[in-house]
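Undergrad: Okay, here's the structure, questions in a sec.
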Amino acid sequence: SSFSMYAVTLSSALFLLEKYACAVSVAAAGVILGWPFSILVFLPVTVYSLFRGHFKRVFLSGLLTSLCLLVLSVVADYYSYGRWTSSVFNLLKYNVLGGGESHLYGTEGATFYFRNAFNNFNFAFVLALLFVGVALSARKNYAPDLLIVVSPIYIWLAFMSLQAHKEERFLYPIYPLICVAAASVVDSFPYFFYDKYANEQSIFEKIAKGLRPLILGFILCTSHSRTFSMLNGYGAPLQIYQHLEYHEDTGPGSILCVGSEWHRYPSSFFVPSYISEVRWIDDGFRGLLPIPFNETLGGTTAAPSYFNNKNKASDKQYLKDIGACNLLMELDLRRPYPSRGNDLSTWETL
């Protein structure tokens, strides 16, 4: 998602700079190396680049880039999996023709992305949605090109809102476009009061120009507040794993067990070297979770039986013997499954 976001940013910028062949090549990289479904985000820029630029050169640029990257991808897949396959086409086939049950990891209503985008961008998101009405009405000379660039906001929001399973990261590709659309709307404010027959600026035009830095300042302050609120209110998963460094007395080869907090497990980089394994314990979740890598099965070329194409939980993903856990990471949310850390005869609260 993040790589696609960077590619969207660069491709859109190249399009505005009228470097159409480069814009299409970057779009191809964003789709093949990043996220195949982001092709919907790149579609407007790609199509218009073909018509505005030298069609043959732009087409060949995109085609050659796509072929080179697909070949590299297939070679990398062969090296990793020991057989000829394409992870790009496998992903499309799996999701389009049916396979995984992503709803196991949560479903949301149609307004989820709108609420989430407002949380992250506050009034900048509202301004971005108003782009078609405001920026185009202002008839700025750059508005038609920007409409092509920011149109994926509407396409992507509509497409993603129709999917049952929703995640914030799915919106990443259009994050830069939201900023561009909002900035364009703010820039257009004075034009509504512009009188092309008058020699001097009207008082309303001056007020509109003065409002621009105030609006931007308000958006920036609100955005920073959101950032600080996230760090302060949701930083516990990062902070708590840092405390593991001070408990080496549990001994080398310790096992860290994680219950309901599996989805907030940050990274193995946060786990000290004295911990040999991180294992999940059954806390009621019925989706497939990562399982410790087993080199004896054949390395990356193996297809262990406990993986399945329905995302259904496997018994092998859980550590059955809770007594083998030296450390337990748990958040008590009064769920149906027992909060094991409450048993103070077994556990010491750190």
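Positions of Cβ are set from backbone N, Cα and C atoms, glycine also.
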Undergrad: In TrEMBL, which of 13-31, 146-164 is labelled transmembrane segment?
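TA: That would be 146-164, the stretch labelled transmembrane segment in TrEMBL.
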Undergrad: Check for me, if you would, whether the transmembrane segment (146-164) reaches the transmembrane segment (58-81) - at least 3 Cβ pairs under 8 Å, residues 6 or more apart in sequence.
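TA: The transmembrane segment (58-81) and the transmembrane segment (146-164): touching, no.
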Undergrad: Which sequence-distant residues neighbour the transmembrane segment (121-139)? Criterion: at least 6 residues beyond either end, Cβ under 8 Å.
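TA: Residues 146-147, 150, 153-154, 177-179, 181-182, 184-186, 188, 191-192, 215, 218-219, 222-223, 226.
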Undergrad: What same-chain residues lie close to the transmembrane segment (33-51): Cβ under 8 Å, and 6 or more beyond its ends?
TA: 1, 3-4, 7-8, 11-12, 15, 20-21, 23-24, 27, 58-59, 62, 69, 73, 88, 91-92, 95, 148-149, 151-152, 155-156, 159, 173-174
